[in-house]
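Handing you a structure now.
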Amino acid sequence: MAHLLFLPILQLLLLYCTKSAQAQLNISIGSSLTPQGVNNSWISPSADFAFGFLAVDGNSSSYLLAVWFNKIADKTVVWYARTSSNGKDDTIPVQVQSGSVLKLADGALSLRDPSGNEVWNPQVTDVGYARMLDTGNFRLLGTDGATKWESFGDPSDTILPTQVLSLGTALHSRLLATDYSNGRFQLKVQRDGNLVMYPDAVPSGYLYDPYWASNTVDNGSQLVFNETGRIYFTIINGSQVNITSAGVDSMGDFFHRATLDTDGVFRQYVYPKNIHARPLWPEQWTAVDVLPENICQSIQTMVGSGACGFNSYCTIDGTKNTTSCLCPQNYKFIDDKRKYKGCRPDFEPQNCDLDETTAMLQYDMAPIDRVDWPLSDYEQYNPIDQTECRRLCVTDCFCAVAVFDKASSTCWKKRFPLSNGKMDVNVPRTVLIKVPRSTNSPSVFSSGSSKWKEDQKYWILGSSLLFGSSVLVNFLLISVMLFGTYCSITSRKKTQLSQPSNNSGLPPKIFTYSELEKATGGFQEVLGTGASGVVYKGQLQDEFGTNIAVKKIEKLQQEAQKEFLVEVQTIGQTFHRNLVRLLGFCNEGTERLLVYEFMSNGSLNTFLFSDTHPHWSLRVQVALGVARGLLYLHEECNKQIIHCDMKPQNILLDDNFVAKISDFGLAKLLPVNQTQTNTGIRGTRGYVAPEWFKNIGITSKVDVYSFGVILLELVCCRKNVELEVLDEEQTILTYWANDCYKCGRIDLLVAGDDEAIFNIKKVERFVAVALWCLQEEPSMRPTMLKVTQMLDGAVQIPTPPDPSSYISSLA
């Protein structure tokens, strides 16, 4: 009876051993694969990799012959078969339909389509068997065990640990993530010993000027991705040039790969094999190093479009190591799925037959923040001011963009197509792009002159009639003209009182009080209350039903009545992605109202201090946005604006959680005792710079101090002052953060936040920047330009001194 009980166990053991043995067996002559059914791939012994047919983008009618990571849900492809295109040097991916067969027979491996036509073979004979190795390498071997062909020797866009690229080989990026055709970039191990990265003209394959090189001509040997995860280029004398510098994680715990991605960046990725063993790592591919660090800056060719397509610009998301291509205002992608094709205007091109006045009425020059197209110049002027630079472009039908450099008083005009576009925090020039003017907007170049010409036309017409008519008619005409002149002068005076001239963009719209009362439903829904008044939600009665936020200024100081229009003009001239846009205003009787775009996601105060902490990447995005908005206010707009009351309540979030600063430009309008109850300073407790309490001048550094507090709050997801914390040392965040930084325990600030812990180096950088912003002495604080550079990782950050170290010396 016992032997009967033991029999099933023995059978299971034999079955297990048989399957294990089969996993190690060679792929023998006569074996075959088909795209559909269970026999569609050959698996490596560990099942980490597979070779066979993979549906292209989930499309069951088209299959790729490939090698992929078999244990990862998205089956990440690391190699795919390619064949020459009509006898040309360039290659195309091998994609077949169901019914095709891959067969190892007669000493060769051959892929045939449903009609029996051969579509691919690796051009080797006398093959005895094949192997799919645990390294991800698919090999064909002779009967003697010698390698006849291997996928590692014919790379596509990816290399794996233990893979070596010898002289004359190259990686080709894909065209798109799901289009395996040769893309726009190559990484070549040249026969002259140099490792070079090139932009590639699609579809011709012409190589533009390189954007990175190892500079090892006559010395380089091979590109190595070794078994420990290091990637380096070997030199003939035995030395090595590191290609990536990432700290390598355990090969046992992570899958590794390095890919020349579709954006031209060579990235080294890791993926946790066991998410339970590595709980802090996301279950996805994470880039641990990139080359080059900034593709937008690296590519700049006289021929070709640059990193992105023509008329677009390139931007880097440092938090995710990703590259994006964007279209400027009033432009859209030619093909949304193939953004490398560039952008086109979504308006009619300027007609060269237009006279200057008509051109200025139909077109405007809109500023673009931190974007530049360094090439495409066709005209230069010097010396010149910005207004004239604008005029010269808007009246020139060939001009698409004008660039003005204030320091040198120089203007450049650029024409289509715009190339090498890039977004960069260090763009020192004002970039203006031509866009259509809305039909109801007055000219940016003083509407007065065109109105004067219009008046002159009617005066001339009137004079002609006057001399050619009877006395009675002349008398009536004179009466009408005198009355018209009186009305015109009266109207012009009213216009001058209610709307100052605007020379830098579309002016804010003038609303009547009744319009805003109707839009807000009688000022019913309160969005917030601040020092300058109450903010109400409203909706315009336009074709879009535009949601708005209406600020009713209730405590305007008497001497600021005349300043109101000047300040509105200043605010109305600010155009930036990270500033809440002023749509219009009301200056009727004693009523002073400002109309802003509505921010659907509310304030940073609500967003940050809720029960659920926002993701680290989103907090980073907000921090960078606020920094760039302040940089614009301090250094880039026509008239410097010091906010004086930076705090989370004055930072709003739009539909995409883009941070936008509100309430800027209002400091001059408010009595000093209205910006903070019971104090003689402007600002809010906890965010106020020390110099407010001293008899020294107030500069933009007060905003830098406030930003330092906000930055720490963003890092830690808590308020600066929390009286209910268990540890008394943590009550004031600025003090606690300084203590943690000095002790090397930054991790305590983000305890329980796995995403932040994973990015602890960036957390440390942000805390260091915040501590520099919080220096007691204003001159020790960085400018917002330096702050943005430090946050972006563009400059080294020296160790910040203790923020309170100056207190004793100032006492």
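Note that Cβ sites are derived from N, Cα and C of the backbone, with glycine treated the same way.
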C343 has a disulfide partner in Swiss-Prot; which of C327, C352 is it?
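Recorded partner, per Swiss-Prot: C327.
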Labelled N-linked glycosylation site in Swiss-Prot - which residue from N321, N601 would that be?
N321
Counting Cβ neighbours within 10 Å across all chains shown, tell me which of the disulfide-bonded residues C314, C399 comes out on top.
C314
Looking at the domain 'Protein kinase' (521-795) and the domain 'EGF-like' (292-344), are there 3+ C-beta pairs under 8 A, with each pair at least 6 apart in sequence?
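Counting Cβ pairs under 8 Å (6 or more apart in sequence), the domain 'Protein kinase' (521-795) reaches the domain 'EGF-like' (292-344), since there are 3 or more.
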I'm trying to understand the geometry here, so how far is the Cα atom of C296 (disulfide bond) from the Cα atom of C411 (disulfide bond), in Å to the nearest whole number?
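Counting only the Cα atoms, the answer is 24 Å.
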On a simple 10 Å Cβ count over all chains shown, which one of the disulfide-bonded residues C296, C393 is most densely packed?
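Most Cβ neighbours within 10 Å: C393.
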What whole-number Å value do you get for the CA-CA distance of C343 (disulfide bond) and C325 (disulfide bond)?
10
Any idea which of the recorded positions C389, C411, L527, V535 has the thinnest Cβ neighbourhood at 10 Å?
L527
Using DSSP, break the domain 'PAN' (352-430) down into helix, strand and coil residues and give each count.
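Summed by class, the stretch gives 16 helix, 26 strand, 37 coil.
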Applying a 10 Å Cβ distance cut-off over all chains shown, what neighbour count does C327 (disulfide bond) have?
21
Just going by other Cβ atoms within 10 Å, which of the recorded positions C308, C343, T529, G533, D645 has the emptiest spot?
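Output over recorded positions C308, C343, T529, G533, D645: least Cβ neighbours within 10 Å is T529.
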